[in-house]
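S.K.: Here's the feature list from TrEMBL:
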type: COMPBIAS; residues: 387-407; note: compositional bias 'Polar residues'
type: COMPBIAS; residues: 460-471; note: compositional bias 'Basic and acidic residues'
type: DOMAIN; residues: 44-106; note: domain 'CFEM'
type: DOMAIN; residues: 135-375; note: domain 'Rhodopsin'
type: REGION; residues: 381-407; note: region 'Disordered'
type: REGION; residues: 441-471; note: region 'Disordered'
type: SIGNAL; residues: 1-26; note: signal peptide
type: TRANSMEM; residues: 120-138; note: transmembrane segment
type: TRANSMEM; residues: 150-176; note: transmembrane segment
type: TRANSMEM; residues: 188-208; note: transmembrane segment
type: TRANSMEM; residues: 228-253; note: transmembrane segment
type: TRANSMEM; residues: 273-296; note: transmembrane segment
type: TRANSMEM; residues: 308-330; note: transmembrane segment
type: TRANSMEM; residues: 350-373; note: transmembrane segment
């Protein structure tokens, strides 16, 4: 078994290394001396041999002279479109090279959104990572937290988010955010395969984040009616994920046509992917709004001051930012499946999908972050109070010891009352109050107490934390 394992590891290393070498070395050069002032014959010489006859026919269909290539660039697009009839004699890379020559010579804009994409999705990932870390820290024993199912679901969600972010980086390396004519067929195919895989990850990660939030509600609010709502929402989330995962698996027939259709050289049949994506996005938005509004009536009933109540409600309502991201993402879904320049057109769709996923994790971690900051503030205040009490206690003890030296003359334990000696007994009582967090109760339990809904199993012994000693 050792040999196959090493063979698999070696194969994976070679495959990953090969992909990155391909990404760097196979990227076509965009340098050219051709401009709009070039002659038609100069452009003709730069084209692959298989495309030259088609280009000559395309120029002849215009009123331009053989020395005025600028006129060809400004001519009717249908004339230049005849250039792509060379597909039956040119390879796909020769066709891309022909388009690259024409686009560069005509001075078309060369798109490259790599820096823009990276700066946004990695910045958001760092914020999500910090939020996730704060939530885990708030649940740690040091701060009196307890790990529960909602935490495990958000851990799984963040793991998928990490994989998606790495996949997005690989897509950018291979050409996401660039025009397809800047790339070769290998780059384009790899980007589209990874984009297709990312669609599965989008559904899974979104479902895991929603599940984590709803399970948190189950942890906080034990009201039977509200719990029925939560279980119903969980069932809907599971059905949503399963239906759209199956739909993704049956996008096209044959299966690989999903990433092959771009070159118009393969035969296949697909469902209406744009409509499917719109339905998925619409249901996603409905679920987000429902989930983040569900606890508001319960939070309004908290027995606390309005300042605290509004702060808690706003913490939950910030989750609606995810809905805003989903709505913006809808704008980039129009006709994405029919794009003729997928590596560039998919960039904004991929970016806003990542923004939505990161925002979901951040919003799911907001209550935990607020809990952590409250506990840190509480610990700091208790430390200051303890320090002040220690100083006060030292002064009181000094005064008491002097008084006792007068009270017990020579340590005899006798004192004169009306000329008679009496025995005096002194009882010292000390009461210690432990911090709430040391009981292992989280802020979720505090929310339940404020709404008078703490289950007895979570209350513990109310006398715990009070210790008496007598001397």
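In case you wondered, yes, glycine gets a Cβ from its N, Cα and C as well.
Automated prediction, rather than curation, is the source of TrEMBL annotations.
Tell me about the surroundings of these features in the structure.
M.R.: Sequence-distant contacts of the transmembrane segment (120-138) (same chain, six or more residues past either end, CB-CB distance under 8 Å): 145, 151, 154-155, 158, 161-162, 165, 168-169, 351, 354-355, 358-359, 361-362, 365-366, 368-369, 371-372, 375, 442.
For the transmembrane segment (273-296), same-chain residues at least 6 beyond its ends with a Cβ under 8 Å from one of its own Cβ atoms are 203, 206, 210, 213-214, 217, 220-221, 226, 229-230, 233, 236-237, 240, 244, 247, 251, 313, 316-317, 319-320, 322-323, 326-327, 329-330, 333-338, 363.
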S.K.: Could you pull out which residues elsewhere in the chain have a CB under 8 Å from any CB of the transmembrane segment (150-176), counting only those six or more residues past its ends?
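M.R.: For the transmembrane segment (150-176), the list is 19-20, 23, 27, 113-114, 117-118, 121-122, 125, 128-129, 132, 135-136, 139, 182-183, 187-188, 190-191, 194-195, 197-198, 201-202, 204-205, 208-209, 211-213, 215-216, 218-219, 343, 346-347, 350, 354, 357-358, 360-361, 364-365.
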S.K.: Report yes or no: does the transmembrane segment (188-208) come within contact of the transmembrane segment (308-330), defined as 3 or more CB pairs under 8 Å with a sequence separation of 6 or more?
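M.R.: As far as Cβ distances go (cut-off 8 Å, pairs 6 or more apart), the transmembrane segment (188-208) and the transmembrane segment (308-330) do not touch.
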S.K.: What residues in the same chain, six or more past the boundaries of the transmembrane segment (308-330), come closer than 8 Å to it by Cβ-Cβ distance?
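M.R.: Hits for the transmembrane segment (308-330): 213, 278, 281, 284-285, 288-289, 291-292, 295-296, 299-300, 302, 349, 352-353, 355-356, 359-360, 363-364, 366-367, 370, 447.
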S.K.: Near the transmembrane segment (350-373), which residues from the same chain, at least 6 beyond its ends, have a CB less than 8 A from one of its CBs?
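M.R.: Here the qualifying positions are 117, 120-121, 124-125, 127-128, 131-132, 134-139, 143, 145, 154, 157-158, 161, 164-165, 168, 171, 176, 195, 198, 202, 205-206, 209-210, 212-213, 216, 292, 311-312, 315-316, 318-319, 321-322, 325-326, 328-329, 332, 442-443.
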